[in-house]
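Per Swiss-Prot, the feature NADP(+) binding site maps to THR13, GLY14, ALA15, VAL16, ARG41, SER42, SER162, GLY163, ASN316. Among the features that Swiss-Prot reports, phosphate binding site is placed at ARG101, LYS216. As annotated by Swiss-Prot, active site, acyl-thioester intermediate applies to CYS132, with the evidence given as similarity to another entry. Annotation comment: Swiss-Prot describes GLN159, ARG238 as substrate binding site, evidence class similarity to another entry. As annotated by Swiss-Prot, active site, proton acceptor applies to HIS245, with the evidence given as similarity to another entry.
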Amino acid sequence: MSQQFNVAIFGATGAVGETMLEVLQEREFPVDELFLLASERSEGKTYRFNGKTVRVQNVEEFDWSQVHIALFSAGGELSAHWAPIRAEAGVVVIDNTSHFRYDYDIPLVIPEVNPEAIAEFRNRNIIANPNCSTIQMLVALKPIYDAVGIERINVTTYQSVSGAGKAGIDELAGQTAKLLNGYPAETNTFSQQIAFNCIPQIDQFMDNGYTKEEMKMVWETQKIFNDPSIMVNPTCVRVPVFYGHAEAVHVETRAPIDAEQVMDMLDQTDGIELFRGADFPTQVRDAGGKDHVLVGRVRNDISHHSGVNLWVVADN
């Protein structure tokens, strides 16, 4: 009989936590016992998992000694408090927040890109999960990086409101309904109205004029590729789409490569679905519920001898 694990999801009632629950079930992960954890406010809420009803427990009162693996998605402050305590007690923590991503002794892992880094979890019993926009970009760029190297990445993201959690989803839905019925939109989650609008700000602005979301893509790319020489120039935009992120990616490679070669490599890469010719993926039509990274509009840069353009879409 294969090994089974007792798994805890901390932040189980959030948008990401609920998706974690769905993925564990869909992938038939070998779960022996499942524990759903959240704040006292969500205690008692129930979910179905593998034909059973599982009740959400208060994290403050939970006995962690029975847990082997914990998936954290309850926010950076809570991860900062709980993850080291639980990891030191022997729980393997996989953290979905940004809190541990830049610690030198904690692996930042995309299984399709740097699976060898997983072994470093033994340093502190914590594995960090990269930002969603970084993940889809690097899955698409990994074959190019391995083949000819990458000098520079210019990327503009078009990120759905679900990246801001349930609050973002509710705000887009609420604003859209009000505006279509002739009422003014109320703005709480985003810096400006998101319905029928695009906002070139995700997270706070930093001293260099970039947002923190944009700098995450810089730092994470360099760490995951273990290559601090890669230059990354991102602009991150929140768009009025409920689910799925899209990215217009331009790379300057260290040696020239033809777009046909790039497409052939992508077509043979696990985890990528390639769209050729005039067909291209979109968040609404193609990305929902898919694990693959979708790539289209692959073409050589007409202004640079070592440039390649890609359109990259994924369910965040």
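Placement of Cβ uses the backbone N, Cα and C atoms for every residue, glycine included.
The Cα atom of the residue listed as 'active site, proton acceptor' lies nearest to that of ASN316, taking the binding-site residues ALA15, ARG41, ARG101, LYS216, ASN316 as the candidates. In this structure, the CA atom of THR13 (NADP(+) binding site) is 19 Å away from the CA atom of CYS132 (active site, acyl-thioester intermediate). Cα spacing between ASN316 (NADP(+) binding site) and GLN159 (substrate binding site): 9 Å, rounded to the nearest whole number.
Applying an 8 A CB threshold to same-chain residues 6+ apart, the list for ARG101 (phosphate binding site) reads LEU108, ALA128, PRO130, ASN131, LYS216, TRP219, GLU220, LYS223. Residue environment of CYS132 (active site, acyl-thioester intermediate) contains 20 other Cβ atoms, counted within 10 Å of its Cβ in all protein chains. Following the DSSP three-state reduction, the secondary structure of ASN316 (NADP(+) binding site) is coil.
Put simply, CYS132 is the one of the recorded positions ALA15, ARG41, CYS132 whose Cα lies nearest to the Cα of ARG238 (substrate binding site). DSSP gives the residue listed as 'active site, proton acceptor' a strand state. Within 10 Å of the C-beta of GLN159 (substrate binding site) there are 24 other C-beta atoms, taking all protein chains into account.
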